[in-house]
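Inspection log for the structure reproduced underneath, given as structure tokens.
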């Protein structure tokens, strides 16, 4: 069939054009194309080894979603495996081969001093010493204490010697154990971080084990307590050897050591109760021992409340060396610790009774000694301790009023430590004169530093940035600055550039008033009077009394390194306990700083305030 296209082309229907149209249509049909591809793939699979299809199989790898050149595929897989093996090998080398880490920063001066301060307690141990005691010039001593006394006739071996002599005074010894325990309860993580936790706990147990021997600790009710072992009074004349009449190493003592008991001694009993109660919290994970301490503490506090009186009657050895001025502060102090150890509200009621606070001197704000924390006056420590209770538990009625009073009084005490208020004088070198210029000032200085540092940590833990002194607000850093300034003075930042901790720094006292340190450990026994030649010599002590805090400078920052003048050079157990507590509170380590908020409350039940009494009936 023919025709003419109006545009000049033929109108003939061509079969060739029809075929081309079919091809175009097939190109648009992808399903048909895929069917052809499937047939091709089947031919590859069915082809023999000599066929061209077999050659293609060797050259390509079909992954389903794509077809890859076999060489490229194998190279890629090999590379990935090689890189993986190399990385694994490197990681294994890094883990297995020891590599050097940057050394930790050197400990600060407070940590260094703390290690030494604890060693002083090792040097003061009485009785059979452990092999790891670490003081080469000390040995077993006074192994018959109590057994040779015709009245007591029981073992009083152990405990700590008080100072440069060999007397064991329970009153300052118990306070020292309370202070060490308090510092562990608040700063356990710090002790652990510097490797001293086991050491300080061992020292506390050494003290509390001895205190448990000094009364009938297995009874619920007692009628007497041992107050001290040994005698120091030489004022009565005569040639009766005792711990002050003689100058001997404790290991060589052969003179009688009398035991002094008391039958009405509320101050001593309550302080010993505080020591055992605080230690029971330290050892709460050792339930048997902790329970033993609590039982003893209950008996002691009960005895103190029932048998009223001071442990240091006029003219006694106790009154000469560690006179107690009152027992009311011990009732508050001991009651607070008994409450924390037992959770029994009866003890808290005693500690917070308004009459108790009044008798303890809580309202004697004009007293020159208000706020001076010592082995004799525990009120400032009790106020801080009970302020802690209010800050973190807020027990409410009926305790809130007196707790708020204690809290406000603690704020006032902290204000009194600041130089701008002139509550206490300061030496030109910067030492606060809490004992008003009298001798042996450092024991009071370190106690104040501890309370200030601890209270600042309490405020921080309670998210309280500071406190008010009248209309003026001060941050907690002001308290820490005060505490650091006092410890820095003790450690050498003073006009004499003298460290008052033996063995710390380049310049420290070489002639501590101490029998054991001053007499050579050379196998020679020097008798009662034979040792005095070592007391009088101007040579340095042959044995270094590591960590001992000496009595300190005078009010003009002057110091005499003279063995015979105990007002400058004698260390004491109580002073070193305050030093340890202050140092650990300011130690700067790379662990969680601040206090342990909760451990002290581990025995305290949840607080459900007692509702106030109903109002009286209305009458028209």
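Backbone N, Cα and C atoms are what each Cβ position is placed from, and that goes for glycine too.
Among the residue ranges 30-50, 51-71, 72-92, the one that Swiss-Prot annotates as transmembrane segment is 72-92. Closest in space to residue 323 (N-linked glycosylation site), of the recorded positions given as 314, 561, 570, is 314, taking the CA atom of each residue. Candidate recorded positions: 165, 408, 561, 567, 570. Nearest to residue 216 (N-linked glycosylation site) by Cα distance: 165. Cα spacing between residue 570 (active site) and residue 314 (N-linked glycosylation site): 25 Å, rounded to the nearest whole number. All protein chains shown were included, and the count of other CB atoms within 10 Å of the CB of residue 567 (N-linked glycosylation site) stands at 16. Around residue 344 (N-linked glycosylation site), the same-chain residues six or more apart in sequence whose CB sits under 8 Å from its CB are 338, listed in sequence order. With all protein chains in the displayed structure included, the most crowded Cβ environment within 10 Å among the active-site residues 165, 561, 570 is that of 165. Reported as a whole number, the C-alpha separation between residue 567 (N-linked glycosylation site) and residue 513 (active site) equals 9 Å. Between the CA atoms of residue 165 (active site, nucleophile) and residue 425 (N-linked glycosylation site) there is a gap of 32 Å, rounded to the nearest whole number.
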